[in-house]
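Quick look at what TrEMBL lists:
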type	residues	note
BINDING	203, 204, 205, 328, 329, 330, 331, 332, 333, 626, 627, 628	peptide binding site
BINDING	357, 361, 380	Zn(2+) binding site
ACT_SITE	358	active site, proton acceptor
ACT_SITE	451	active site, proton donor
DOMAIN	530-670	domain 'Peptidase M1 leukotriene A4 hydrolase/aminopeptidase C-terminal'
């Protein structure tokens, strides 16, 4: 954790050696000098009240933090203070209780002290703390503050004596989760394809790890971990780690590469697996296993292509887990075990770009990580950029490869345009590449902006500097220099400028506009549009007053060209119903098994107010929980006033079966919560 010890501490170092104030008087709140209630657990004297003078002085030292509403100086979404002490390793034990829908946990935290401290601050969210002690059994006092909505509670552990820099501590915490833990989804048997057994999976990104273990829930902190999970014998247990021995009802895991807390992952279900390659398996329930093995059979080819660009894969194994349909994302890049949605099972491998995207996270995001989620583009923008480069590298003809890469970028630009102009609005501060997340939950900032605006920015830099041959060397240097660290945008910029210190073209970059201004990017790269010409030609034909449709119009279209056509239709005025239905039938769109096509087709039906398609729309959003699909569709339904109440009723009926992040964001989309 050199980045914390050597870089961060220089900016935020605050000595804790006040000789006139004892350790029990050093409780504080960053939300002002007004006292707030909290729960204090002490083994001797009652904690004293906070001296007003101390609160005033402390808040003066942290004026920016208090005024801006951040939870801590380094990360607006975390209470923890890793500039003083940082978790380096966790020994984790879980017992899975399907009946009560809770995890019984024990965590032994190995903490490296960076400054003089008398307590350790961790993030929690609705955890039931049973006891906290040193690893040798010495009991520790602790205080659990009242929760901050959506962020959880600050846990302050009082050390038995002051700790000094370079000292290592081992603290053991025994606790349990609650059934509503935001990182977990507990599925009843009827929510699984097998219909016989329950299922459990996690989603800790961005800040939900604190609901399954007390931790420094900020990507600034990376730790290794060992784990042992107890579950019924007929269940398979998987984690974001190398799977060790499975004996009886216990399975062990080891993750020797440091990870941020959001990459901790757990899944427990009755699963089968198939080998995909020398370092990969795919896991799923029995009903999906053969289709999954076929769909993802080229995983090793993608891994090798990624290594040619980025260097050796450092995580040993790369497995895939096809989750039940309620999983809220296309994929989640958990190390050693990528989670994917079953909506990728298109039957034609046309959604392989999602797998390439998750593979690229093995370098950008997992090895080089954003320091907090204000710099999320360093994870996602880089990954989209690399994903398209790697996918293009698999095409032998270099001219066709560039056309394909640029076409994928144009599709991304379409999504970015809809997000910025139609959904968020061009003046929304969340359209910035580096947004201010003080008082904003990272879940609320999730959009295509960091993905597509970030990727477009990198493409702009690549073209400006001299093209892929030059920029690829920089990418490898950047990944090698910052691997296993967490960084921010300034560190990226400084490294880029130093690497290309003799390249005068970088003086043209308007850094402030790119990073901190609202709206669309200031410059759009000169993409090759040859693959869009046939789509544009057909679009003109469709928009003519009288049109004769023929399947030959789209016979040669790739799935992505069909997506481009449908997205272009979404972006324009709605088609008359008779015209839309004829188009759907003749072009065989309405019967497509590709969810990317089905999703856009159903949105077109909503925009044209086709009431006969509402049953299909509700079936689609009720059968899967991928936010990329369900959020825009629910927003479209809300905008259709005649069906708004029906959409809200449908959501409320299905909300109990959704994962927390899906329900949380849909409530806001439907204006049911602020």
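Placed from the backbone N, Cα and C atoms, the Cβ positions cover glycine too.
Note that TrEMBL annotation is computational and uncurated.
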With helix taken as DSSP H, G or I, strand as E or B and everything else coil, how many residues of the domain 'Peptidase M1 leukotriene A4 hydrolase/aminopeptidase C-terminal' (530-670) land in each class?
104 helix, 0 strand, 37 coil
Cβ within 8 Å of the Zn(2+) site centroid (357, 361, 380 excluded): which residues?
331, 333, 358, 360, 364, 365, 379, 382, 383, 384, 387, 451
Pop the Cα-Cα gap between residue 331 (peptide binding site) and residue 357 (Zn(2+) binding site) into the table, whole Å please.
9
Averaged over the domain 'Peptidase M1 leukotriene A4 hydrolase/aminopeptidase C-terminal' (530-670), what pLDDT does the predicted model reach?
96
Among the peptide-binding set 203, 204, 205, 328, 329, 330, 331, 332, 333, 626, 627, 628, as the record gives it, the longest Cα-Cα distance in Å:
18
Do any residues at least six apart in sequence from residue 331 (peptide binding site), in the same chain, have a Cβ closer than 8 Å to its Cβ, and if so which, in order?
338, 339, 340, 341, 344, 354, 355, 357, 358
Recorded positions clustered about residue 380 (Zn(2+) binding site) [Cα within 10 Å; pool: 203, 205, 329, 333, 451, 627]:
451
Judged by the number of other CB atoms within 10 angstroms, which among 329, 451 is the least packed of the recorded positions?
329
Quick one: Cα separation, residue 329 (peptide binding site) versus residue 451 (active site, proton donor), in Å?
14
